[in-house]
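These come from TrEMBL:
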SIGNAL    1-27  signal peptide
DOMAIN    28-324  domain 'Plant heme peroxidase family profile'
DISULFID  Cys38-Cys117  disulfide bond
SITE      Arg65  site 'Transition state stabilizer'
ACT_SITE  His69  active site, proton acceptor
BINDING   Asp70, Gly75, Asp77, Ser79, Glu91  Ca(2+) 1 binding site
DISULFID  Cys71-Cys76  disulfide bond
DISULFID  Cys123-Cys320  disulfide bond
BINDING   Pro164  substrate binding site
BINDING   His194  heme b binding site
BINDING   Thr195, Thr249, Asp254  Ca(2+) 2 binding site
DISULFID  Cys201-Cys233  disulfide bond
Amino acid sequence: MANFSPKTVPCLTVLLMFTIIVPQSKASLNANYYSQTCPQAEKIIRETVYSASIHDPKVPARLLRLFFHDCFIRGCDASVLLDSTVGNQAEKDGPPNISLASFYVIDDAKAKLEATCPKTVTCADIVAIAARDVVTISGGPYWNVLKGRKDGRVSKASETINLPAPTFNVSQLIQSFGNRGLGLKDLVALSGGHTLGFSHCSSFESRLRNFSALHDIDPSMNIELAQELRKKCPKPNKDKNAGDFFDSTSSTFDNNYFNQLLAGKGVFGSDQALVGDNRTRWNVESFAKDQNLFFREFAASMVKLGNVGVIEDGEVRIKCRVVN
Ligand code: HEM
Ligand SMILES: *[C@@H]1O[C@H](CO)[C@@H](O)[C@H](O)[C@H]1NC(C)=O
Ligand SMILES: *[C@@H]1O[C@H](CO)[C@@H](O)[C@H](O)[C@H]1NC(C)=O
Ligand SMILES: *[C@@H]1O[C@H](CO)[C@@H](O)[C@H](O)[C@H]1NC(C)=O
Ligand SMILES: *[C@@H]1O[C@H](CO)[C@@H](O)[C@H](O)[C@H]1NC(C)=O
């Protein structure tokens, strides 16, 4: 079969180029992945997410963040769901786990899926579908989630250091997203996920006092917002649950986040920096002007985020908190 005559050399070169490029192409994610094996999968997940969100309005933001966190560490492989074991501290017990919660919703959906179509739907796909559903039920866009991810077997607290920090500048954010194959537009659109949810004081209080040698308050922060946040986050602070909602419509998925940024009202340095840097400012402005554009780009970037580091040699976990 292999005939290495001089004539085949150009073909081999082409073949080699492809073998270098192909491993990048994502396993075999597909919008209809479960249509034969578990046609009810998305309906079961949607109903579970919906009823949980009605009982607890914090659920949508938490499930959206869960997907981001999962995909940024080891790819979208449900590593964020694994519990620590004797001898292994898992991601969810790593330092920036302060807002990781609502795992029970994923467990609940998984239990129902195991009852309906055992050993079929991965935890990684449940997280991706749930993230889409919470956006849609909060008034945001709908998109087809590609499925077929496998669940990983490894989760390490030490790796959460690779999440971007709320103090990052645009260069650091570009690098962090770029490492996962995500570009400038993805960075700005996905940051719009901060239209939902809440942050604890610890994630932004360095902007409120003694910010730098020259400025007590971060000069990129609107002064009224700074005064308000100082009241919500007094020093010393007895309430470890204190914090603030990201934008004034924090349970509605809309483009208000971008209008707030233009008014200097981003809560994190990493949010506000998007306005201060000319590589990202125009995207912020166009999303602030046009909500439909933001919705389309957010959906497209969520699909890309869902492709990050998808693995082929994983498993279909039976319980999302433990490897099989
Ligand atoms: C650009 C880099 C990002 C940074 C630096 C960042 C940082 C953070 C931090 C520090 C918190 C608050 C933790 C706390 O104090 O409770 C948070 C919350 C949140 N993040 Fe991000 N994040 C980023 C990107 C994203 C992306 C891409 C998404 C989803 C598309 C997202 C969705 C959320 C949501 C929904 C919350 C609120 C969670 C809740 O209310 O419980 N974030 N983020
Ligand atoms: C966060 O990590 C701490 C220990 O590092 C742990 O006690 C806590 O349960 C974790 N929180 C979540 C939501 O897993
Ligand atoms: C961003 O932060 C890094 C690390 O602190 C620093 O080296 C770099 O100069 C900063 N870049 C910009 C454009 O501010
Ligand atoms: C402000 O920061 C400086 C230098 O980092 C430090 O010496 C000083 O004690 C800080 N002041 C307050 C009020 O925390
Ligand atoms: C951004 O601004 C810098 C100077 O502040 C300039 O050199 C650069 O060309 C600008 N880049 C873009 C993309 O506008």
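Every residue, even glycine, has its Cβ placed from backbone N, Cα and C.
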Fill in the blank from the handout: CA pair Cys123 (disulfide bond) / Glu91 (Ca(2+) 1 binding site), Å rounded to integer, equals 15
Fill in the blank from the handout: For the domain 'Plant heme peroxidase family profile' (28-324), the averaged pLDDT of the predicted model is 96
Completion exercise
All chains considered, the count of other Cβ atoms within 10 Å of the Cβ of Thr249 (Ca(2+) 2 binding site) is 17
Fill in the blank from the handout: Listed binding-site residues Ser79, Glu91, Thr195; those within 10 A of Cys71 (disulfide bond), CA to CA, turn out to be Ser79
Exercise for the section: Whole-number Å only: compute the distance from the Cα of the residue listed as 'substrate binding site' to the Cα of Cys320 (disulfide bond). Expected result: 25
Completion exercise
The recorded positions listed are Asp70, Gly75, Ser79, Cys117, Cys320; by CA-CA distance, the one closest to Thr249 (Ca(2+) 2 binding site) is Asp70
Completion exercise
Given the Ca(2+) 2 site Thr195, Thr249, Asp254, its other Cβ neighbours within 8 Å of the Cβ centroid, in chain order, are Gly139, Leu196, Asp247, Ser250, Thr252, Phe253, Asn255, Asn256, Tyr257
Handout entry: Distance from Asp77 (Ca(2+) 1 binding site) back to the residue listed as 'active site, proton acceptor', taken between C-alpha atoms, in Å
Key = 11
Handout entry: Between Asp70 (Ca(2+) 1 binding site) and Cys76 (disulfide bond), the C-alpha gap once rounded to whole angstrom
Key = 5
Exercise for the section: Work out how many Å separate Thr195 (Ca(2+) 2 binding site) and Gly75 (Ca(2+) 1 binding site) at their Cα atoms, rounded off. Expected result: 24
Exercise for the section: Specify all same-chain residues, apart from the site residues Asp70, Gly75, Asp77, Ser79, Glu91, whose Cβ lies within 8 angstroms of the center of the Cβ atoms of the Ca(2+) 1 site, ordered by sequence. Expected result: Cys71, Ile73, Arg74, Cys76, Ala78, Val80, Ala124, Gly152, Ser155, Gly309
Exercise for the section: Select one residue from Cys38, Cys123, Cys233: among these disulfide-bonded residues, choose the one with the most other Cβ atoms within 10 Å of its Cβ. Expected result: Cys123
Problem - Residue, out of the disulfide-bonded residues Cys71, Cys76, Cys117, Cys201, whose Cβ gathers the largest set of other Cβ atoms within 10 Å - result: Cys76
Fill in the blank from the handout: One residue among the binding-site residues Gly75, Pro164 has the fewest other C-beta atoms within 10 A of its C-beta, namely Pro164
